[in-house]
Every structure is written in C-alpha cells, then in structure tokens.
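Trainee: Below are the features I grabbed from TrEMBL:
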| type | residues | note |
| --- | --- | --- |
| COMPBIAS | 540-552 | compositional bias 'Polar residues' |
| COMPBIAS | 555-564 | compositional bias 'Basic and acidic residues' |
| DOMAIN | 30-451 | domain 'Cation/H+ exchanger transmembrane' |
| REGION | 537-572 | region 'Disordered' |
| REGION | 584-612 | region 'Disordered' |
| TRANSMEM | 6-28 | transmembrane segment |
| TRANSMEM | 35-53 | transmembrane segment |
| TRANSMEM | 73-93 | transmembrane segment |
| TRANSMEM | 105-127 | transmembrane segment |
| TRANSMEM | 231-249 | transmembrane segment |
| TRANSMEM | 269-302 | transmembrane segment |
| TRANSMEM | 352-375 | transmembrane segment |
| TRANSMEM | 387-405 | transmembrane segment |
| TRANSMEM | 433-458 | transmembrane segment |
Amino acid sequence: MPVLNVIELNIVLTIIGAFILGFGVISVIIKNRWLLGEALPAMLLGIILGPLAAKFIDSSRWGSAEPGQVSEITLGITRVVIGVQLVIAGFQLPAKYQKLRWKEMLMLMIPVMTIMWLCSTLCMMATIPKVTLLATLVMAACITCTDPVLSQAVAKGPFSDKFVARDLREIISSEAGANDGFGFPFLLLATYLMRAQTPAAPTLVARAGEEVMRHGGGVGQAIGKWFLETWLYFVLMSIAIGALVGYAAGKGLKFALERKWVDSESYVLYPTALGLFLLGVCGMLGTDDLLACFTAGSVLNWDGEYMRETLERHDEVNSSVDVLLNFGGFMYLGTVIPWSEFHQPDTTGITVPRLIALGFLILVFRRIPAIFIMYKFMPNVVKNWKEALFMGYFGPIGIGAAFYVEHTRHLYPKLADADEEMGDLLKAIGPTVYFLVLFSIVIHGLSIPALNVVYSWYGVQPIQDDAMLFERKSIRAPTPVNAEVGDEYTFIAYNRFSRPVFDDVELPTFERTVSMGHRSMSRVSMGRRSMSRISLSRAPTISRQPTISRVPSPNRDRDEKDDPANFLGTSSFLSSVDKAPEVEIPLTPAPGYGRPIETPGTGRPTTIKYAL
C-alpha cells in the first residue's frame, strides 16, 4: 500500500531539483542582468532551508547520524566540488600557460601568498583576543588562498567578459587554481611549530596513524619536518602525480581520437573523470589532491589540442558540471554555517561585532596590499593600478576555506583531549573562518552588480577586442554578454576567456566568406592556423539570402573530407539593406603565413581570432 517516505535523501533531492528548475527559468536574468552567479542564491537558500530556519536540510541527520559526521561530510563534499572544478580550470587555460607565465605564478605563489598570510594573521590578532599567535597563523592559513570556485566565476563571468582584460582574467583563474593547493605549506608550518613546543604532559593522541598532540623537538626539528613532509611529499609529489596522470590521460585520449574510438559524451566528461580519479588516488596516498587536480588539467591541455577539440565540439557539459557542483556545494555550505558559535565572549572572546570588524579588515588588508606591492613585477598581466586594485579586491573566500577548516580539524586532537591553546584554536577556527566565508560571498557577490552599475553610470565601454565567431545553436538562444548577432546562424562575441593556445596567430578558425551590406567578413585558413577580418558599420541590421557553391579540391585527404579548409569555390551573400551590391570572394587555397587579407565593406576593422 502507498506510504509516505519522507527521508533525508528524498528531501535533499527535491530541494536541489526545485532550486535548479526555478533558477533555470530565470538564469539569464540572474546571471547576465543581475550578475549574481550561482553561489550567493544557492547559499542563501541553504541558510533558509538549513538547521537555522526551516530545518529541511540537516547533515547531522544523514545516514547513521553519528556524532561529528558533519565535519567528515563537509570535507568530502568540498573536496569533490573543488577537485573537479580545478581540473576544468586547468584545461581551460591556454596551452603551456604555466610555462609562459611562470614568473607571474611564482610571484603569486610565494611572496604574495606569504604577505596575505601574515596580513590575515595581524587582522585576526587585532579582533580575536583569546587566541595565540600560532593558533592565529593556523586560522589565517585557511583563508590565505583565493577561492578557486568563486574566482573562476569572477574571471569567466559576464562582467569580466565586458570589462576585464583577458590577460588579467587568465592570471586570476590560474592563481586561484594553483594557490588552493599551495595553502598547505602555510597551514602545516604553523601546525608543526605548535606541535614542536614542549608538552605540559607526555600524552600523545593518535588520529589516522598520526600524532596530533605536542611532541617537542624545537623549531629546528619542526622546520626540517615541514620541508621534508610538506614540500617534498605533499607538494612536489602531488605536482608529479598530477603531471604524470594528465600527460598519460592526454596521450591516451589522442591515441583513441586518431582511431575515432571516443564519442563526444565521453570526450567532454574526461576532466570530471580525471578529477574524481585523482581525488581518490591522492586521498589514499595522503598528498595534496587539489594541487594534483589543477596540474593534471593544465598538462591535459599542454599543447592546446584538448581545448581546441572541446571548442570544436561545442562543449557545454563541463560548464553544466561546474554549475551543478556550485549549486550543491554552496547550498550545502549554507546549511553548515555555525551560527550559534558566532558569539562566545567567555571562551575565545568572539562576538558578532568583532567578526564584522574582522571581515572588513580582511577585505581591505588581506590581499590588496600584497598585489599593490608586487604588481609592477607582473607587467604582462597586471598593467596598471586599476587592474591591481581589481585583482586585489576580488580575492574571494569561499568553499576552499571550508575545506581547509575541516582538514585542519584532522591535524589536531578532539576538543576534549586538547590543551588550552589547541582547545581555543578548535573553538575559534570554525566560527571565524565560516563567518569570513559568509561575509566574502555576500560582499563579493554584490560587488560585481554594484561595480557594473558604476561602470554604466560613468559610461565605461565594454572591451571590443579578440572577436570570436561562434554558432548560434537555437534561434531562442539569448545573445551572450558583450556579443552581438552576426546573422541568424552566428554570434560575434568579444573578449571571451577560452582560447586553446597562448599565441593568437595559432588560434584555429574555419574558412568562411560572408558579405552582407554594411557588414562584411573574409576568413582564410592557413593549414591549421587561420586569420580573419571583419568590418562593422553603423547599421547592423541584416537581411540576406545565402548562396554557396563549393568545388572539392582534388588534393583532399579522405580522412579530412569534412574540413572546409580543403574546399575550393565561391560563396556570396546578397544584402537587401540600402541596395548593397553582391560581393563574391573566391575561397582560394590557404595563403602563406602573414599574407594580408583584403576584406570588402566599411567601418572599424576587428580581427576575429577564432571561430566555432
């Protein structure tokens, strides 16, 4: 007979599904007009439906409802959300990006992160009264990294498509991907220094086969252990594992592609599978799985071929996986915020006013000074103080900080077994870091719409460089931000993030010739490299009927019979606007590199770098 089965799983599935359905029907309004993204709405819904209010989602009731399971669940969810997205972030960078920008990345990983760590420590010491210096260094390490999920939204979101230069966007994305793994040296240095102090009692507590109480030995022993275990095993081994797996995965995929063994679904799901594999392997080995995931993604696209192929296949799967992980991850994050611990004046001295003051101090002093000190050493990616201010301000704290908090709990004993210093640390780290996560998601989430209003008020024009032509999949597809309708089949977008290679002359295009009244375009392929020009006039309205004739080249390889670059023929379009004449351009064989391409039409010339 029918019975109600109101279990936790059914409740969670219902809520997530309903949220995605509701968000989806107005997603263009939320993301492209209001510029809010997924993180803030998802977290607010988690707060409303979590233990604080409706109590529909409560991870303490999941499964067997064992005491302390919330920390384990949070650690697992944040690992998966971050790890998979770091692989995606890695392969979406241009080919050999880490090699070409190694100086900038070195600046951001060592001096900038060190300054951020120390500045965060000073801010916490000024506002959290009953926590020692070493304990403050541990807490500051949890928020030193820029959040990889929120930073990707900043680097690749609609606002950046309009107003942020591509070089700056790429370095923000790359830094966020790498520094989330590089936060461990700061965390473990403070941890080893705290453990190296002489214990008041010789008792040691073991957790997961590791001693987590004080064992003495002094600073020298702590530094030696930190160098060997953290840098050699935890960091360098993770980079090696990620590079090896990414290289092997890329080679295996190319081998299969040449034999046409891989369908489109499996191809575009490759980064997700790679991330899950590395999370499992590195988790078993006890190394830095986040750094390994980002390294593997970067190596997977080392020659640009993976990104090139995903663009040609019009990949929407990875962005969909990205959005789904954001929905679930940030909604869950909203349910585990420790509201009751935000006011504990008798133990750690934490109060809500102190946390608010800490939030603004972190916003101003955590990252902006570090970027302003170092940005002149990175002139290729941060060209002026305005870009430095943008990069310094938008260093959000998010789901990555929650991961570090839960990982830190595993480095110390249970609260009942801890001494006074470690006990104060364990009491303070949760409310302090989670409040900063909440503060950052709200402030940074609302800063983008506010900045967009300011730019509109002052008439700041969108960036109109690096035009990209891509296929319009449906007549009902909305026009992307900072883009315009090319015709009923295409969009012309500017300043897009994704490009498969670093050097623009290597960007792939297909051969196409279009002439339509006030708009004309000529595109010529050069082997696997292409150049294109487009002229845009004041009147973008187009009405045309295409007529295309092509004669296949006798030199065509049978395996490349669908490649338009191997065709000879003509293509013409007649416009009905202002009695524009018909223009016919022969599709000749590819010219040599650097040969100028003449294009008909008038208006401001814009180079289309690549097309889909």
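In case you wondered, yes, glycine gets a Cβ from its N, Cα and C as well.
TrEMBL entries are annotated by machine, without manual review.
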Trainee: The transmembrane segment (387-405) and the transmembrane segment (73-93): do they have three or more Cβ pairs under 8 Å, with pairs 6 or more apart in sequence?
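Mentor: These two segments touch.
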Trainee: Between the transmembrane segment (387-405) and the transmembrane segment (352-375), are there three or more CB pairs that fall under 8 A, provided the residues in each pair are separated by 6 or more in sequence?
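Mentor: As far as Cβ distances go (cut-off 8 Å, pairs 6 or more apart), the transmembrane segment (352-375) and the transmembrane segment (387-405) touch.
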Trainee: Quick test of the contact rule: Cβ under 8 Å, at least six residues beyond the ends. What residues does that give for the transmembrane segment (6-28)?
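Mentor: Result: 38, 41-42, 45, 49, 56-58, 61-62, 324, 327-328, 331, 478.
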